[in-house]
């Protein structure tokens, strides 16, 4: 580490960059070159030094370097980074300490670094004003660009701008050089942007290029320069670019899916959208214009006559739009279709294909490109209801299926995949920055340590001489490090630290070592490293606001606050050292919370920090605070005693000498949990301080009696005081004079009388009841504001005004009293108080300006009072925090978004503005600019904003009509993809990430909450007291009632004892042990006095044990990890006590950490109670009933009781039988189905009606019977404790009541009718019967509390906008309409209400009416906001708002244009934030639920989980028998040809080509094209048939064993049949070309063969994995739709047909209702369906209209029912169910990506088996050893082993069975081990795979391996050695013999013998060689004994196998 700091950091580390420095660098470079002449590039990159990331150009200088000497600012200095030691660079630092790095070579070949010109340029460049100037220029330039038609003088301004930019570039080029070296001008990509902008400016100026406006738009790119100037933006842009890269796979998949769907659409709907209703041609001859003149010369009775005949021209007639049928107010003619379920034409019209397509001809499926556009529109769900309605009208309702598929698979899946990918890219980016930061931190820490050690050593030498303190300095040293180090943490960094902590926790759990022991963890924000002044922040809840304390001396607390940060299970607080030694409880989670500054236990034994007992695990909060606060409470700081205040309330824990209980005799702390007697801003009141001082200080003094203790304490104290003083100085933000000023003027404590007054006021204002009262006032005030409406009576208005004055008074009084009680200085130290002050001031200002016109907006500031609720409402607090947190992170993103919006708005204005003006008549009938145009900047901005909201198609049609298709498509698509899909998804990703579970931890313990809770507690206590008194009174007056007395006694007792406990805050253990009761009143710890102290709990938690956040005893982290370990079993007197306390702990621990629920666990936490599978029914009644009414107790042993019991048992058996259940399910389905028939035609179908009536009775009787049976069988107790049974019960009741009413003849009563509609709930009973749905519903029920919570918060949030809307728009939406034409009168004709009334008096056609959805009261305001937030129907509301003038005035076109901004702001906060918050909460909640269910997917049943797991690991495949190669030579050749990969791929290419030819088809193609296409198609059919035939020849009957082949076969047959019978099929079925589209499915197969397609495979795999869960959610959605459809039919069947309700889309029949509801599932078009239902009285509708064929009168709707119906449906389907869908996809996507990231994927295993099949054709699962080498080489990477691989294979030590065979699993394991390396996971995988393999292959004979390859090799080698030895021995013997013979026959032919001997030796050698080769080749080289053992076994198995085969045949 020391090496990275080249120079010791500090001010002396800077040196001027001089010629000598340059020479030195050159010398070093030369030396290096001499050392290695050819540097190895690669090597260098890998292992060489890296540039120090802290010293990068553009970053600020780390503050470890101290201040820069002023003479060195803006001067060239030597580079500080050791990496650049031999590179020609130097750095320059400006005043802000920013680092600029320059190349030391000559710029432009002439300017050396020492050239005065270059020096000046550098000075200018690094000056902060320079970038400011550029920034201002850019902004001014942007303002000029927004001018739509700029005046002439702006030309000169343009030149000025160009000049400034040129100047900037020149300065940069002179200072940096142009492009050759590093750090020159063009090396920075952002400068390329400048360069191009400037070049274009000059080019357009001097060269005439024709279309200048297009080029002028390039100037817009200058806005992008802001990005390069603002540092934070670059990172966000980086993230954006990353996510776009990541999106490539999704984009490919999306385009592919859309193409497939577009092809299907093309085939299905080609030309359909041109079907129009055309008038029947009249018979008279007046239609001359449509007739063709023909001159006919004919022979008439022999005389030639010339006659002119008129013939009718059909074609031109049908094209004439005058004869088409138009609905009023619609631009396009009415569509129709010729199929029975399509739209019909009115009388006198016929359906003909004529004219152009709808929407200027842009909406159609006529060619592939238009179809693709339509599908893209469907996918982004923009105005798709229109496309849906048009298509269904033209083609028929059955085609709804097509839309269902596209919406669910295309839209939901693909769009959310984009979200998932963007979110993951963001997450990765985050991870990277976190890791980098962590690394930096470690380095930085080491530097600090070094510096500090020196300083400390010096200090310590002076301070103490005693050897006994040798250990302290290090501790103190660390403390002071922290003091100078802990910069203020931003909330973001706190979050980052939390994330890091999580990561580290995971690492440690997975067996990490304690390597980051005393690593000091600190915020990552770059600037925090370089802050000069350090301030400590108490990091209480996730948000870090600073708190100041009641006296300047309390800085101690601030150390405590940050050092011992009170976060729960804080893994690393700001500052954490782990006791490195033999830490007793080191395996626990809080090991590094030991803030002990002592290194090992021995030293802790008698230290100030009282060590804890072995294995005792405390809640982390306790462990931290106990230690820390004891350390601080022991010595008075500056003579005053202060207890520690942390944000969890005040915990003052003091060590006292308690009885040594543990064998070791360690001291145990006594723990007292004090209630936070703190006022709002955390200051401790005087009285409390006094009390606490007296109560706790003496204990610690006793503790310190021991001299050694005292001495040690004092030494620590001194060191701490030093630290503290340093801290104090460093914490002060302002110059000291300000502190003096504030001490004198802002702290009022001069006169003692005043102090008394202050004290009294303090007691009053700080009382919890006052808080409660204020909260109630806030709620009341909000109600008062929400009561405003239009029209209001004078009196009501007066009441509201007075109310407002009263509330303003109350809040003002509160503020002033608080200021008196707290002093202004401390009052304004707290966020909430500043907020209060701000609001009060505004209210007072508003009262003053009440009568000023146009300032009514100030009234809306009152609404901010609502936010005061956040103090006492955790969820709201959390929401505001999340918005706060994300605004930080989103700030940059919002800027980027703003820049993008700006750029596109300007581009649009420049490119299309003129066209809108010129061609306006094309898009507007009156030739006036429409509302949405691009002629000026504001409107252009609105269009871009609208596109971001997802509405692009309508504005794009207009644009395409006026400005040409290509340009408009390009611009709009870019905005859509860049802005909407990427940036907005990044927005969502950020929101979701700030939503991570820890943020939701039911808001962190906030002392603010306590006040309310204390107040509520007191009320509870008061009530309990009154009850007790009443009981006592009763007891005295009626002595007889002894029983009551007995019941009350324990309660009474408990209360008395509690009072004792309360009175004495410092509970001494001996005396008050009996106070220690847990909530049930059982004493929990009399046994030993050991861990009792922890449970001394005071007042309020008796009542609110769980929901009192100030009590930090009970916050285990999750249900799975409660504090059982805390409770040492010996502490409990009995088993039962232990159990009980465990239960208590469990209850408290599930105080639902991660959810937004505040109290208790979610309702449906327990799985649904199923009746036990015993055949004995349970008791009928509850215990209570039996005790009260003795008659319920029946003996079942004899007589009637026995008969009754037998009856119950019989019933129980019946009910438990599967058939019974099946029958009931069948009945439920039938009765639900029956409801679907009750549509408007039921009265005309008499027989069906009668049948239904009888059926209804039958069903009711059956269900009643079922209910009775269950009552008898299960007993009331079981029946009525099951939620599902209650559901059944209520639904049966409804049927029963309506049945009785019918029998009594009351069926026409209104109440009974509405009850009948409740029968629609019948299908709900199916829920409990279908497991799949029940699972989803349980998950949903679990989420309901948090969903409701968020819903409430959203409502509060929206309330503010709603009240504001009422303030702005109430009564202003009224307008005067001409009832005949429906047009609004001009202002010139009608100016106000009275004018309109005059018109009405004169003639009847005018009417003064309101917009249906308006802001006249808060309720309607909510409805309007919902329409705006879902972007449906928002246009009408916005138009009305923008046109409004004032109450009772006629609106004028775009009168108050800037009202658009109200909606823009609402959309950003109300829609983007709150609706996405919904998604966040739901996803978060399901993850919570998932954890609870043990990480399993909660949307799946057991069966589906099995499927899911099978999908997850396909590794369970066994080697299959390949299709045997046919013996016939010709067949064999074909077989080889067909089975090659090339053949497959070529077929795929053919399929794609076939698709292309299908894409070429259009609706209006000529006959010539049609014939060519049909021929091409014929060729394809021949080719595919050929493929089919070839495969049939080669694969024989095996062809049909493969699914894909059957699929191909069917398609081919269909194509052939289709070719011959095309006409017939066209007529009766869908067009046969569709079957060709299905072939595309085969492309899925090819993905496996393409290496690059891995990403796409992952995406498809994620889809496959999501299917089971998505199916369940789909089922639930269907059920909801079904119920709502039936409800809709019974309520809205006869509504007037207008707006969205017409002859096809209505609630008249079940089918139509379903079609409507499907469309609303995505919230599309619900405003249109709601509008007619809001008609409640004439003249909007006619209540007496007769509906033919029905007894119902009138066509009015029921507004309240309608609003409830639609709003509830949207919340259920759109917000909840659809978001569940998203949650599943996100989840599975992350799982799938994790899977694909593993080194070995399923595909690799599959490839292994595919290759295996070739080597093991009989699927024996074994392979001979000699084949193995080839096999290993044949595999594909990563498993393959290229030859030569014999040695590697031998080294793998593979087990072999007889016959030298190796099992496939063993090989697979060995190979995977090679890829993954040795690890524990490997063994787990092995076991898993073996189990799976055994399961899938019961046939695997468990051959015992006899040997292994390694053993075999060793045996072979040994054999060779033995043989050699033996041969040598032989040889020796022979030689001996030979020599003996030789000696004998010495004289006879000696020479001859020598030759013989040579030959002999040669022969022996030869022999051994052949044997050697033999050995390696031989396979039977194992000793005979082995063979003998295994042969019979093997033979036996082989024989068995043959027998089995024979049997099989």
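Cβ from N, Cα, C; glycine included.
The feature compositional bias 'Basic residues' is assigned by Swiss-Prot to 495-506.
Around residue 277 (disulfide bond), a 10 Å sphere centred on its CB holds 22 further CB atoms from the protein chains shown. According to DSSP, residue 277 (disulfide bond) is assigned to a strand segment. Residues or ranges marked as disulfide bond in Swiss-Prot (evidence: similarity to another entry): 277-345 (among others).
DSSP classifies residue 336 (disulfide bond) as coil under the three-state reduction. Counting every protein chain shown, the Cβ of residue 336 (disulfide bond) has 21 other Cβ atoms within 10 Å. Sequence annotations record features per position, and here Swiss-Prot assigns disulfide bond to 336-351 (among others).
Applying an 8 A CB threshold to same-chain residues 6+ apart, the list for residue 921 (disulfide bond) reads 927. If you look up Swiss-Prot, you'll see 921-927 (among others) marked as disulfide bond.
Cβ-based neighbour count (10 Å, all protein chains) for residue 959 (disulfide bond) stands at 27. Swiss-Prot lists 959-968 (among others) with the feature disulfide bond.
The disulfide bond annotation in Swiss-Prot covers 1376-1396 (among others) and is backed by similarity to another entry. Under the three-state DSSP scheme, residue 1396 (disulfide bond) falls in the helix class. Under 8 Å, Cβ to Cβ, and six or more positions away along its own chain, residue 1396 (disulfide bond) finds 1376, 1385, 1390, 1406, 1407, 1408, 1450.
Annotated disulfide bond per Swiss-Prot: 1741-1756 (among others), in sequence order. In the three-state DSSP reading, residue 1756 (disulfide bond) counts as coil. For residue 1756 (disulfide bond), other Cβ atoms within 10 Å of its Cβ number 22.
According to Swiss-Prot, the region 'Disordered' annotation covers 28-60 (among others).
Marked as region 'Disordered' by Swiss-Prot: 455-528 (among others).
Among the features that Swiss-Prot reports, region 'Disordered' is placed at 584-627 (among others).
What Swiss-Prot records for 1129-1163 (among others) is region 'Disordered'.
The region 'S3b-S4 loop of repeat IV' annotation in Swiss-Prot covers 1619-1636 and is backed by experimental evidence. For the region 'S3b-S4 loop of repeat IV' (1619-1636), the model's average pLDDT works out to 67.
Swiss-Prot lists 1984-2009 (among others) with the feature region 'Disordered'.
The feature repeat 'I' is assigned by Swiss-Prot to 110-454.
Under the heading topological domain 'Extracellular', Swiss-Prot lists 206-213 (among others).
Same-chain residues lying 6 or more positions outside the topological domain 'Extracellular' (385-397) and placing a CB less than 8 Å from one of its CB atoms are 268-269, 272-273, 275, 335-337, 339-343, 358, 363, 365, 374, 377-378, 403, 1704-1705, 1711, 1715, 1719, 1724-1725, 1728. Swiss-Prot lists 385-397 (among others) with the feature topological domain 'Extracellular'.
Within the set of disulfide-bonded residues 351, 959, 968, the entry lying nearest in space to residue 1756 (disulfide bond) is 351 (CA atoms).
Between the transmembrane segment (1666-1688) and the stretches 189-205, 798-820, 831-849, 1219-1237, the greatest number of Cβ pairs separated by less than 8 Å involves 1219-1237. Neighbour list (residue 1741 (disulfide bond), Cβ cut-off 8 Å, at least 6 residues apart, same chain): 1696, 1732, 1735, 1754, 1755, 1756, 1757.
Put simply, residue 968 (disulfide bond) is 35 Å from residue 345 (disulfide bond) when counted between their Cα atoms. Cα-Cα distances to residue 336 (disulfide bond) place 277 within 10 Å, out of the disulfide-bonded residues 277, 959, 968.
Each residue contributes its Cα atom, and for residue 959 (disulfide bond) and residue 351 (disulfide bond) these two points are 31 Å apart. Taking CA atoms as the reference points, residue 277 (disulfide bond) and residue 351 (disulfide bond) are 5 Å apart. Using a Cβ-Cβ cut-off under 8 Å and counting only residues 6 or more beyond its ends in the same chain, the topological domain 'Extracellular' (953-965) has close neighbours at 359-360, 362, 377, 382-383, 911-912, 915-916, 918-920, 922-923, 930, 932-934, 943, 946-947, 971-972. Counting residues 6+ beyond its ends, the topological domain 'Extracellular' (1689-1711) has Cβ neighbours under 8 Å at 343-344, 389, 392-393, 397, 1236-1241, 1316-1317, 1320, 1719, 1725, 1727-1733, 1735, 1740-1742, 1747, 1750, 1752, 1754-1758, 1761-1762, 1765 in the same chain.
Counting only same-chain residues at least 6 apart in sequence, those with a Cβ under 8 Å from the Cβ of residue 351 (disulfide bond) are 275, 276, 277, 278, 336, 337, 338, 344, 345.
Helix, strand and coil counts from DSSP across the topological domain 'Extracellular' (913-938) read 12 helix, 0 strand, 14 coil. Summarised by DSSP class, the composition of the topological domain 'Extracellular' (1305-1313) is 4 helix, 0 strand, 5 coil. Listed as Cβ neighbours of the transmembrane segment (769-787) (distance under 8 Å, sequence separation of 6 or more from its ends, same chain) are residues 796, 800, 803-804, 807, 810-811, 814, 862-863, 865-866, 868-869, 871-872, 1011-1012, 1015-1016, 1018, 1359, 1362-1363, 1418. Residues 790, 931, 938, 1368-1376, 1384-1385, 1387, 1390-1393, 1395-1396, 1411, 1413-1414, 1424, 1427-1428, 1463, 1727 of the same chain, all 6+ positions outside the topological domain 'Extracellular' (1434-1457), place their C-beta atoms under 8 angstroms from a C-beta of that stretch. Residue counts for the topological domain 'Extracellular' (385-397) under DSSP (helix as H, G, I; strand as E, B; rest coil) come to 12 helix, 0 strand, 1 coil. It is 927, among the disulfide-bonded residues 345, 927, 968, 1376, whose Cβ has the fewest other Cβ atoms within 10 Å in the structure shown. For the topological domain 'Extracellular' (1305-1313), the list of distant contacts is 1297-1298: same-chain residues at least six beyond its ends, Cβ to Cβ under 8 Å. The DSSP breakdown of the topological domain 'Extracellular' (1434-1457), given as helix, strand and coil counts, is 11 helix, 1 strand, 12 coil.
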